[in-house]
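*Asks:* If you scroll down you'll find the structure; I have some questions about it.
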Amino acid sequence: MPTINQLVRKGREKGEQKSTAPALKSCPQKRGVCTRVYTTTPKKPNSALRKIARVRLTNGIEVTAYIPGIGHNLQEHSVVLIRGGRVKDLPGVRYHIIRGTLDASGVQKRNQGRSKYGTKRPKKK
């Protein structure tokens, strides 16, 4: 335990904070091209076919990104925008594709949480 005088002289050393989305290089989003679109299964207690894409970013880094929502129109060579945010039950998936921008269409027939899935407001009848 240091004395007050030692703390005044030296101070505490701050630990370096590690980025959770290093491929974005401190940018909020990055554009990229899908190199492969496929499904994979999640970790142990869960069971599903999660839709993911391998994306080559404009800075040359290739990452794995999750495609949120029900149904998508992405295929190889689709241009997408990605953001940070991992998927807890998919190891190695640290990014999300933003729906409703570039080639990624919004989720069809979605009424709640539309802004997160790039869906326009439905027309009133």
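A Cβ is built for glycine as well, from the same backbone N, Cα and C atoms used for every other residue.
From Swiss-Prot, here are the annotated features:
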REGION    1-27  region 'Disordered'
MOD_RES   D89  3-methylthioaspartic acid
REGION    103-125  region 'Disordered'
COMPBIAS  111-125  compositional bias 'Basic residues'
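Distances, neighbours, how buried they are, the whole picture for these features please.
*Replies:* Counting residues 6+ beyond its ends, the region 'Disordered' (1-27) has Cβ neighbours under 8 Å at 57, 59, 61, 63, 82-86, 94-95 in the same chain.
Annotation for D89 (3-methylthioaspartic acid): same-chain Cβ neighbours under 8 Å, separated by at least 6 residues, are P42, K43, N46, R50.
Secondary structure by DSSP for the region 'Disordered' (103-125): 3 helix, 0 strand, 20 coil.
Residues 68-69, 98-101, 104-105 of the same chain lie 6+ residues outside the compositional bias 'Basic residues' (111-125) yet bring a C-beta within less than 8 angstroms of a C-beta in it.
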*Asks:* By DSSP assignment, list the helix, strand and coil residue numbers for the region 'Disordered' (1-27), in that order.
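*Replies:* Tallied per class, the region 'Disordered' (1-27) gives 9 helix, 0 strand, 18 coil.
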